[in-house]
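Colleague: Residues or ranges marked as transmembrane segment in TrEMBL: 6-27, 39-59, 79-99, 111-130, 166-187, 215-233.
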Amino acid sequence: MVQVDAFWAYAIGAGCALAGAEQLRLATGDTIRQRAVRAGRLTAVLLFMGLLFTPMGMWLAIRFPGWETMYTAQELPPWGLALFSAGITASTALGYLCVHRLLRDDRVWAASLQLLGAYVGVFIVLLHGWDGSGLHRFLAPAPQPSFSSEPTPGAHELMTWLRSSIASSLLLMALVFLPALLWLNAWAHTGDVRDRSAPWAPGVRLPGLRGVRRMVVIILGPCLVLAVAAHLAVTECGVLFGGLLWSAAAGLTLHPRGPLAGHCRRIVLPSVHGPRCADALSPPPAPVATAAPRAATRP
């Protein structure tokens, strides 16, 4: 969906930049190396988006234009498709560059918030939309006279969507796209730390796939819970009061000194905030000079 893809593209760019935080830290003080880290990861994520994300989105926009626009339009003109493609590229690059800059300034939690906030936005658009009918629009295989604003869909609505060509198309795309996205982030997270950046620790490799898996748990955990809470709060308590309640809950959850912030710091920079990797990714200690033993002299 066009409304979702803008947030998702930003999140993918931000996630790739977060995954390269270790390489950026090891390049501290080396401007040329920092630029190489930025250029390498940015090129990789833009190539990934250009080869997979954008073509898939364009195909959905042409094949199912109503669904792709959450039924705000029945078809997309050529200039609309061009803007969609350009917007995906711009949003991805913006997410990457913002997070890269925050990491350079050692603002790890602020950089993590770019990813978490973008995924909260993805889920809010999917669940609530702009009028409470986001999930019903997502599950509608065809235009409806009116969309329900009930918090949860019915069984018949869900089964109808699962039997639709939209659901089968998304499933086939997910089988290709999601493993590729996980691999991209695992590669960006691990990178060349063992082979080039930390030659003094030849047997240690950053937990690339494990770190990505932990971040996925946060995305599908706290981020999804915050989106569901926002949907229910606004639906049941109104925009003003529900928004205030949700803002208070989100502020507590995303507090810079809270457990979620600490956990994200350990995932993004395990060599700094994770004691298990600290020794392996620190420069080797300088050798201690010892005095040579004196040769024994005969009396």
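Glycine too: its Cβ is placed from the backbone N, Cα and C atoms.
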Colleague: With contact taken as 3 or more Cβ pairs under 8 angstroms (pairs 6 or more apart in sequence), are the transmembrane segment (79-99) and the transmembrane segment (6-27) in contact?
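Modeller: When sequence-distant Cβ pairs are counted, the transmembrane segment (6-27) touches the transmembrane segment (79-99), since at least 3 lie under 8 Å.
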Colleague: For the transmembrane segment (111-130), name the stretch out of 6-27, 39-59, 215-233 with the most CB-CB pairs under 8 Å.
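Modeller: Answer, by Cβ pair count: 215-233.
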Colleague: Given the transmembrane segment (166-187), which of the listed stretches 6-27, 39-59, 215-233 has the most Cβ pairs that are under 8 Å apart from it?
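Modeller: By the under-8 Å Cβ criterion, the transmembrane segment (166-187) pairs most with 39-59.
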